[in-house]
Amino acid sequence: MMKVLVVVALLVTLISYSSSEGIDDLEADELLSLMANEQTRAKACTPRYYDCSHDRHSCCRSSMFKDVCTCFYPEGGDNKEVCTCQQPKHLKYMEKATDKIKNLFG
């Protein structure tokens, strides 16, 4: 049993060492250019209660959860769909509960 544990520990050490060597092979310039490309891809999020019909995955995050683009047909006979970023009620209650717990123990 002890031999098996030693072999497993040796394998884990070798695997972690080989993966860290691969990271060291990247040059700093390449890593910086990759990060710059990632930052340019980020787009502005849509605030709560604003129109999100142009991009339904663009809603901003609250302190804990991401808002959801909710679509509905308003009353009044107009059959045009309206979409806004909203926070679901169950997530709203969860955020309030965690805030109260943090204030109680924090």
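Using N, Cα and C of the backbone, Cβ positions are placed for all residues, glycine too.
Note that the coordinates shown come from a computational prediction; the quantities given were computed from them, not determined experimentally.
Taken straight from Swiss-Prot:
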- 1-20: signal peptide (SIGNAL)
- CYS45-CYS60: disulfide bond (DISULFID)
- CYS52-CYS69: disulfide bond (DISULFID)
- CYS59-CYS85: disulfide bond (DISULFID)
- CYS71-CYS83: disulfide bond (DISULFID)
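Here the features listed in Swiss-Prot are painted onto the structure.
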{"residue": "CYS45", "record": "disulfide bond", "Cβ within 10 Å": "17"}
{"residue": "CYS52", "record": "disulfide bond", "Cβ within 10 Å": "25"}
{"residue": "CYS59", "record": "disulfide bond", "Cβ within 10 Å": "23"}
{"residue": "CYS60", "record": "disulfide bond", "Cβ within 10 Å": "14"}
{"residue": "CYS69", "record": "disulfide bond", "Cβ within 10 Å": "19"}
{"residue": "CYS71", "record": "disulfide bond", "Cβ within 10 Å": "11"}
{"residue": "CYS83", "record": "disulfide bond", "Cβ within 10 Å": "18"}
{"residue": "CYS85", "record": "disulfide bond", "Cβ within 10 Å": "21"}
Run through CYS71, CYS83, CYS85 for me and report the disulfide-bonded residues whose CA is within 10 Å of the CA of CYS60 (disulfide bond), in sequence order.
CYS85
Excluding the flanking five residues on each side, which residues at least 6 beyond the ends of the signal peptide (1-20) place their CB within less than 8 Å of a CB in that stretch?
none
Within 10 angstroms of CYS71 (disulfide bond), Cα basis - disulfide-bonded residues out of CYS45, CYS52, CYS59, CYS85:
CYS52, CYS85
Can you figure out which of CYS45, CYS59, CYS85 (the disulfide-bonded residues) comes closest in space to CYS69 (disulfide bond), comparing Cα atoms?
CYS85
Taking the Cα atoms as reference points, how far is CYS45 (disulfide bond) from CYS59 (disulfide bond) in Å?
5
Look up CYS60 (disulfide bond) in the DSSP assignment and report helix, strand or coil.
coil
